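S.K.: Here TrEMBL flags C:58-247 as domain 'ABC transmembrane type-1'. Under the heading transmembrane segment, TrEMBL lists C:56-83, C:95-121, C:127-150, C:171-193, C:229-250.
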Amino acid sequence: MTRSRLLDALVRLPPWLWLSAFFLVPFAITLKISLSEAATAMPPYLPVLDWKGGLEGWSTFLEALHFQNYETLAGDALYRDAALSSLAFAGTATAILAGVGTALAYAMARAPSRWQPLLVALVVVPFWTSFLIRVYAWIAILKPEGLLNAALLRLGLIPAPLEILNTQGAVLIGLVYAYLPFMVLPLYAVMSRLDPTLREAAADLGAGPTRVFWTVTLPLSAAGLRAGALLCFIPMCGEFIIPDLLGGSDTLMLGRVLWSEFFSNRDWPLASAVAVVLLVLVVGPIVLFRGDARKAGAEAAR
Amino acid sequence: MADREGPLLRIEAAAKRFGAHAAVDGVSLDLAAGEFFCLLGPSGCGKSTLLRLVAGFESLDAGRILLEGEDLASLPPHRRPVNMMFQSYALFPHLSVAGNLAYGLKGLGLSRTEIAGRIEKLLGLVRLDGLGGRRPDTLSGGQRQRVALARALAREPKVLLLDEPLGALDRSLREETQGELRALQRRLGAAFVVVTHDPAEAMALADRIGVMEAGRLVQCGSAAALYERPASRYVAGLLGDVNLIPGCLGAVSDGLASVETALGPFRGRAPEVDLGEGAAVLLAVRPERIAPATAGEGLSATLVETTFLGERVRRSLRLPDGTLLRTSTPAGAAATGWPEPGGSLHLRWPPDAATILPA
Amino acid sequence: MSALTRTALGLGLAFLYAPILVLVAYSFNASALVTVWGGFSTRWYATLIADGPLIAAAWTSLKVALASAAIATGLGTLAALALERHGRFAGRGLFTGLVYAPMVMPEVITGLSLLLLFVGIGLDRGLFAIVVAHATFGTGFVAVIVAARLRGLDRSLEEAAADLGAAPARVFASVTLPLIAPSVAAGFLLAFTLSLDDLVIASFVAGPGATTLPMRLYSQVRLGVNPEINAASTLLLATAGVLVLTATWLTGRRTVA
């Protein structure tokens, strides 16, 4: 018994240590630095904890901490807007994804079973290919002299090229495109495992195809929908590449604000405060759907 | 509209193939109103497919299915006035028991109170009063079975299709439920079609049994008729233990025929179809019809083994040519005439207890 | 299959693949303009091969991906075993969260906090830092894939081995490991591609010293559409395609179970 307990502990020790050191501790540090102030030094923030100062060092250190970065964030409309628009972008894109993803996943689950592995592979392949490149590909399609405008002009549907790139619409297209596999896969996983006799039973009891979908298929796929929404919403809140490449300079999202505070303004404490705010925003949904989060990951990776 | 004279449900030369496999191969069947019919056969014989053809989940490759004289072909499942109880029950896990029962009632143009009243009645019918608010996964197997039954009855179908309705229940519960199902069908007067692989269940439930083999309906009749007068070796063996003695068909007279076997000549009920004199046949005798005879008549045999089975005693006997026969007698009956194992005796059976089957 | 199903599948797959196909097609465009087809040409591939910094960045990425995927595979497999085979333990909830959270965590947060850690403990930014960062978020993905396989595995196989006298280590080596090997390999490939793909985390922790391929591509992409990037993208897509097919084959392969 004790030997096997020892073995159990040995099995989980390495991941415990690694993830604590490189995932948990960094958050604590981020939280601490968000309470510091910027300085032109290396590292560019104050105070730096003096380990050798003993108790006195600690108290000076603690006294020097302050909430000024959060006051800046709260006071400046730029940051407030960035937070709100992050949520709005992620929320809107998640809603669109729920519709598009449900349609696609349902179609996959209803396709002949010998095609289904191929269809799953086709949805998974983009997920494995470079995110940066897939977003970049949209520039050539969406820009004023791009393919979409060229096609629409040729068809005579529009008189002059549409301004799509560098708008909110382009960001939404990019978000929906890049995260579609994350929505489709958990939904498909649930839908393909639904007992087909449940649909037959509903039809047998007089429900037409539409009623069967709304009263049986969809409610029983709710877990997949929640998982997909979680997998999309959380990373989208902090998305950087999509707003940066497809959005205009006025497209504000927290991920982008954090990036520019860090790389352009070199304000590490403020960037840390943005990270903490972002974390709080996304921790909400995680807590809400805690049980689904793990399953969601499992479905997506499959 | 409805053909009052004709059968309630008529299946005409129904056929369904899955790839190269003929699941249902030219089945014709008439079902009367209020009849309790059983489709009996091993798994894969096409009985469930036939049920699904009637319900509309599969479409016919050939033939017709008529309900009260009306062809069902153009009706999708949700418009057919038949309902099905699924083998897996297929209870909606996200709905309560009442929600499951209400599912089929919505869309019938009933008011909310009417639906509630119907649900109460259905719950009473299957003795689940007060369980309407429960979720299916909190019920026992027997309770789930009754919810599935009540749900299928909610729309008052003209024909109720039941796919292995008792298959998931354990033995004691199954026997009890057989009686309930039978009583329920009598009370409602609806036609029931049950699919089962269990001959005892078919005999306990049905007015009429249709035996299926490899997609074909091979014989149809009451339990007694099928048991006493099987048309083939397959049906004879399916419904119970049987002794088969190979032989050669002789002359036929008055419904009886003679059969020449290695053990000598026998008489038995002539086959329904004319096989022609000299045809290879099997003489089929049920074990319980074989009795000891006084010396000098019947067959001489040696008792090999006696097995006590509770209500019956089974004996295994060896004939002079090495053939083994099995007999079965009520345990309470006196053991007169039966020797100890190793002893010898004579056996006989009445000529009408033997059925002549094509070999 | 109904017309509706076909339409949904057609539109969905077209949406997923149109941008990728456009990219690949224009990587063979002789013209430098995106909307003008100037005939078939491989000139951008030639330019690509001659692009020293880009090739160097590709090598850096490859080294980082190999090293980080190897670490992530080891840690992820152990984590999956801890979660699926080694029972309940104190802090299991936190452990589960730690394993899976890096997968959904916005990359800017992971990147920034790791950088702050590295600066705080005085670790030099650069190649090693990227490897550590990528191994951290790759671990979760490997754990998910291996755990799914472990869940699907008939536990009585391991119990039978133990019953036949195998010690835990031998049970693992002779029964568990061979059965989960395909998923471990698939996990490695996923961690490898994710590392190869990552821009945000690498940008934070790389510092001035190391440049990965996505970082190099990003700096050029910001300047607009560029046929040479199309060519590089096509090669990356082809690599990913081969890896996906391999991983699908590995996870789909039926082992005795």
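Yeah, the Cβs are placed from backbone N, Cα and C, and that goes for glycine too.
All TrEMBL annotations are machine predictions without curation.
How about a rundown of where these features are and what they're close to?
M.R.: For the transmembrane segment (C:56-83), same-chain residues at least 6 beyond its ends with a Cβ under 8 Å from one of its own Cβ atoms are 89, 92, 95-96, 99, 127, 130-136, 138-147, 150, 176, 180, 184, 187-189, 191-193, 195-196, 202, 210-216.
Tertiary neighbourhood of the transmembrane segment (C:95-121): same-chain residues 76, 79, 82-83, 89, 129, 132-133, 136-137, 139-141, 143-144, 198, 200-205, selected by CB-CB distance under 8 Å and a gap of 6+ residues from either end.
Here the transmembrane segment (C:229-250) has long-range neighbours at 20, 23-24, 26-27, 29, 44-45, 47-48, 54, 182-183, 185-186, 189-190, 192-193, 196, 213, 217, 220-221, meaning same-chain residues at least 6 beyond its ends whose C-beta is under 8 angstroms from one of its own.
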S.K.: I need to check the long-range neighbours of the transmembrane segment (C:127-150): which residues 6 or more away from its ends have a CB within less than 8 Å of a CB in the stretch?
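M.R.: 60, 63-65, 67-69, 71-73, 75-77, 79-81, 83-85, 99-103, 105, 110-111, 114-115, 118, 176, 179-180, 182-184, 186-188, 190-191, 194-195, 198, 201-202, 204-207, 209-210, 212, 251.
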